[in-house]
Structures are given as C-alpha cells and as structure tokens.
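Participant: Got a structure for you, written out below as structure tokens; questions coming shortly.
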Amino acid sequence: MKIIAGLGNPGQKYDKTKHNTGFMTMDHYLDKKGLTLNKDKFEGHWTKEKINGEDVIFLEPQTYMNESGRSVSQIANFFKVAPEDVLIIQDDMDMPIGKIRIRANGKSGGHNGIKSIIRDLGTEKFNRLKIGIRHPKNATVVSWVLTPFNDEQQKLMDDAFDTSVDIIDDFIAGRDSQYLMNKYN
C-alpha cells in the first residue's frame, strides 16, 4: 500500500496560492485519473483506490500546513503504511518556479509541513516530490506563498503538474526513489 499526500492549507482563501502547490498537484492527478477525495477522516480529505493492483491512499491534510504530520501519521498508522511507501507533494521556495526534484529522505529544508511530518512519523525517511515556487524577490515570504501564480508562472506550474502525473504513476508502480531521482531530477 502507498500513500500520496499533497500539502496545502484548507479553505477557499488559500485555494490557488503558491503554498497550496501540493493540493493543486494532487487535484491535477485526481482529475486526470477521474478520482475524487470522498472521505473525511484522519484530519484530511482522502480516498483509497486500487491502481494497477496496488492499494493507494490519496490524502490532502486539512490541518493547515504546519500540522500536516498529524494527518499523514494518523492515516499511515491506521493502514500500517511504512514511511518508505509515503510520497509527500510539497512546494519548495529554494527552487525555480515549476522545477521538480525528488528526494528519498532528508531534513525539512525549513518547510514547516515537512518538519511536522518528520516529527509525527518519527523519521526523515519518506519520499518527497518537491515543486519549486521560487523565493520572493521583493516580498515577504508569507505574502509570497499566500498569493496565486501569475499567468507566466502558471504555465510553468501546469507543466510541472503534468510531469507529476508520471512521477506519481511511477511511484505507485513501485519504482524506487533512485529510479525516480535519475529520471526526473
């Protein structure tokens, strides 16, 4: 069994903001596959599907970004999913807009959602699909991450969302993190 979790903040106010890149990526994947998050439990919206013979849980925590670990750990513990079988989709301010990087483990890089997941899973050994949102040039971090992408930026993000569909499919198919990093980084 696998868990794919997209990080973001709940509520329409945050819907299309940069910090909701994880939610937007997840929504893009689910739309492409004709799936919906139809359950509310574990402090998140989620669904469990069978894809190519593999049980997969898709999750969008509803705890706000900084407490995402509560939702991820609750569902992982309930379904007894090992951290190595978890893929977290997150935004990354240290990468250019739309740039993708796969990581198999590691520190949070200052991302509070990832800090929370490391704390609540008790390990850094879970997979991340990081999508760049760039560091703000002339804005505070908070105002940057809580604003939508402009049209030019959105085109780059749309390409990243399309590539993410392939990455998620490869993860579900059992491709290991080294394969994913070699192919997509």
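Counting begins at 1 with the first residue displayed.
Note that Cβ sites are derived from N, Cα and C of the backbone, with glycine treated the same way.
Copied straight from Swiss-Prot:
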| type | residues | note |
| --- | --- | --- |
| SITE | Asn9 | site 'Discriminates between blocked and unblocked aminoacyl-tRNA' |
| BINDING | Tyr14, Tyr64, Asn66, Asn112 | tRNA binding site |
| ACT_SITE | His19 | active site, proton acceptor |
| SITE | Asp91 | site 'Stabilizes the basic form of H active site to accept a proton' |
Participant: Of these recorded positions, Asn9, Asn66, which scores lowest on Cβ atoms within 10 Å?
Facilitator: Asn66
Participant: Count the Cβ atoms, other than its own, that fall within 10 Å of the Cβ of Asn112 (tRNA binding site), considering every protein chain shown.
Facilitator: 16
Participant: Over the residue list Tyr14, Tyr64, Asn66, Asn112, recorded for tRNA, what is the maximum interresidue Cα distance in Å?
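Facilitator: In whole numbers, the farthest two Cα atoms are 16 Å apart.
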Participant: In whole Å, how far does the CA atom of Asn9 (site 'Discriminates between blocked and unblocked aminoacyl-tRNA') lie from that of Asp91 (site 'Stabilizes the basic form of H active site to accept a proton')?
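Facilitator: That comes out at 12 Å between the alpha carbons.
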Participant: Take the mean position of the Cβ atoms of Tyr14, Tyr64, Asn66, Asn112, the recorded tRNA site. Which other residues of that chain put their Cβ within 8 Å of it?
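Facilitator: Neighbours found: Asn9, His19, Thr63, Met65, Glu67, Ser68, Gly113.
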Participant: Given the recorded positions His19, Asn66, Asn112, find the one whose Cα is closest in space to the Cα of Asp91 (site 'Stabilizes the basic form of H active site to accept a proton').
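Facilitator: Going through His19, Asn66, Asn112 one by one, the Cα closest to that of Asp91 (site 'Stabilizes the basic form of H active site to accept a proton') is His19.
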Participant: Could you list the residues of the same chain, at least six apart in sequence, whose Cβ is under 8 A from the Cβ of Tyr64 (tRNA binding site)?
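Facilitator: Sequence-distant Cβ neighbours: Asn9, Pro10.
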Participant: Measuring Cα to Cα, how far is Asn66 (tRNA binding site) from the residue listed as 'active site, proton acceptor' in Å?
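Facilitator: So the alpha carbons of Asn66 (tRNA binding site) and the residue listed as 'active site, proton acceptor' sit roughly 11 Å from each other.
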Participant: With H, G and I counted as helix, E and B as strand and the rest as coil, say where DSSP puts Asp91 (site 'Stabilizes the basic form of H active site to accept a proton').
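Facilitator: For Asp91 (site 'Stabilizes the basic form of H active site to accept a proton') - judged by DSSP and reduced to three states - the answer is strand.
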Participant: If you count other C-beta atoms within 10 angstroms, which of the recorded positions Tyr14, Asp91 is the most crowded?
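Facilitator: Counting Cβ neighbours within 10 Å, the top one is Asp91.
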Participant: How many Å lie between the Cα of Asn112 (tRNA binding site) and the Cα of the residue listed as 'active site, proton acceptor'?
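Facilitator: It is 11 Å, counting Cα to Cα.
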